[in-house]
Amino acid sequence: MPQYRSRTSTAGRNMAGARALWRATGMKDGDFEKPIIAIANSFTQFVPGHVHLKDLGQLVAREIEAAGGVAKEFNTIAVDDGIAMGHAGMLYSLPSRELIADSVEYMVNAHTADALVCISNCDKITPGMLMAALRLNIPAIFVSGGPMEAGKVKWEAKVISLDLVDAMVKAADSSCSDAEVDAIERSACPTCGSCSGMFTANSMNCLTEALGLSLPGNGTVLATHADREQLFLRAGRTIVDMARRYYEKDDASVLPRSIVTFQAFENAITLDVAMGGSTNTVLHLLAAAREAGVDFTMADIDRISRKVPCLCKVAPAVADVHIEDVHRAGGIMAILGELNRAGLLHAELPTVHSKTMAEALSRWDVMQAHDNAVFEFYKAAPGGVPTQVAFSQNRRWKELDMDRSHGVIRDRANAFTQEGGLAVLYGNIAEKGCIVKTAGVDESIWTFTGRVRVFESQEAAVEGILGDRIVAGDIVVIRYEGPKGGPGMQEMLYPTSYLKSKGLGKECALLTDGRFSGGTSGLSIGHVSPEAACGGAIGLVEEGDSIEIDIPNRRIHLAVPDEVLTARRAAMNAKGHKAWKPEGRQRVVSAALQAYAALTTSADTGGVRDVTQVQR
């Protein structure tokens, strides 16, 4: 029978000093026999996805206490990728994932907490906390802040839905007046919550449902809706029950590594491919698998992507569908239900809320549910009022979207495409693979051959695009922006948005060892591995070369003879300490980022740290 971890600092005569400090936090005599539950919150006033979380940790804490536990809240950092986008701030985004994971580990282990509630939401916070939960392997549950309502604006006598990407694209479109751009800017992000499309934050919060670590609706019920409060309350009650099951009944099935197995990662990437999730999810799932000790690789993602259909298309893949529309169609449980009926899901796996996923689907999949409360839950609608307050409205749709032939969520027979929304490409320029979000690529350019235009940084590429140096048929190559080469693996949302604003969204491709925002669409191929800074062939590409892209056959090829590439590699290696570094790039890299770069790996392993580089 495992002992409560907290007894290390609460039991015995020698812990009198520690207990004195615990008492100073408000603990009483009777509390020292209870499970101590850590609440990792991520409130910050910098990030709209987190601005409403300030009081939600204490909401969970009160529920933990009512269920017989002791709650102790702490906070992590949170970087807003949208605000950090397009300047040096983006260098810090991916490294913040490791800091978040480490900070959760530090706090939980230093204070010997028994279990963990993760209150996350945006791009690197959910992955960082997921990595920490799997690293710690104590009872854990996730509850996110929820998605933002989609923006609305009246445009040419018609009301259209908006999101962050629309503001970026229109701002770079010279045909849009200042007044039009201002109207979009003021309407694109109307409420608190994670940005409203199937971008990275929402993708990751949806994937926690598939992994079995969060409650139904976690990925889709709006931050502003009153229904979301119940997720926080249920999370507080559930985590105390999980702690007692593990420590008092020796039930290890509640531990993260018991729930998030190889098959659970298969479920997660199956959902990801089916819903056309952000390419960043691949990076984060690979990193999480490493923490879980699960041998889940790019090869597994490639295998799954070939057999899973695309059942759902959400912005940026389509302009008029957002997460609130996915919720109305039954949310993630509805997509998982369709995947299960197609024989593509491991439904026998446990979750934090049900004995098996199959049991959960029998209750929560609207196509097989019988409980009217479930139907009402998925009718939760946007309030349409700008606000930064959680649970501030209770509007409902009159009816659900149950149309599986032409609706937001499709069944397999009526899938958008029979191949899924993400694909892994391999070739001589990406021997360890690269990722493309096929859900956002027009099928007319699934095969594409173009002339290479080489840029040594995102900034240089933006200058080239806005300076009209890119024409139809070009392939923009941005290198030395990987985890090590950036460092920090910047997102390339501005270059792709500017290509769209120039009318080149279906006429050009972009290839990088960096990554893309979940808001990216078009023929945008990222995560090229090995990256240029690690000796990858993308570092050998020259201006005017030709690259062949073949998504149906999962192939990408630099059309240069092998002997020429061999000669280029020899010439590069002959540069000594200047080899595999960007020529002419002026970029200040702080000591913190240099430390990250020294340990990080390429995207094919999740951009995780390799501590063997410093082990003696």
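Even glycines carry a Cβ here, placed using N, Cα and C.
These come from Swiss-Prot:
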ACT_SITE  Ser517  active site, proton acceptor
BINDING   Asp81, Asp123, Lys124, Glu491  Mg(2+) binding site
BINDING   Cys122, Cys195  [2Fe-2S] cluster binding site
MOD_RES   Lys124  N6-carboxylysine
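Taking the features listed in Swiss-Prot, we show where each one sits on the structure.
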residue: Asp81; record: Mg(2+) binding site; DSSP (3 states): helix
residue: Cys122; record: [2Fe-2S] cluster binding site; DSSP (3 states): coil
residue: Cys195; record: [2Fe-2S] cluster binding site; DSSP (3 states): coil
residue: Glu491; record: Mg(2+) binding site; DSSP (3 states): strand
residue: Ser517; record: active site, proton acceptor; DSSP (3 states): coil
State the Cα to Cα distance, in Å, between the residue listed as 'active site, proton acceptor' and Asp123 (Mg(2+) binding site), rounded to an integer. 9
Around Lys124 (Mg(2+) binding site), how many other CB atoms lie within 10 A of its CB? 30
Cβ distance under 8 Å to Glu491 (Mg(2+) binding site), same chain, sequence separation 6 or more: which residues? Asp81, Met85, Met90, Ser93, Asn280, Gly514, Arg515, Phe516, Ser517, Thr520
Taking 8 Å from the centroid of the Cβ atoms of Asp81, Asp123, Lys124, Glu491 as the cut-off, which other residues in that chain fall inside it around the Mg(2+) site? Val79, Ala84, Met90, Ser93, Leu94, Cys122, Thr200, Ala201, Asn280, Ser517
Measuring Cα to Cα, how many angstrom lie between Cys195 ([2Fe-2S] cluster binding site) and Asp123 (Mg(2+) binding site)? 10
In the structure shown, with every protein chain counted, which of the binding-site residues Cys122, Cys195 has the densest set of Cβ atoms within 10 angstroms of its Cβ? Cys195
Cβ neighbour count (within 10 Å, all chains shown) around Asp81 (Mg(2+) binding site): 29
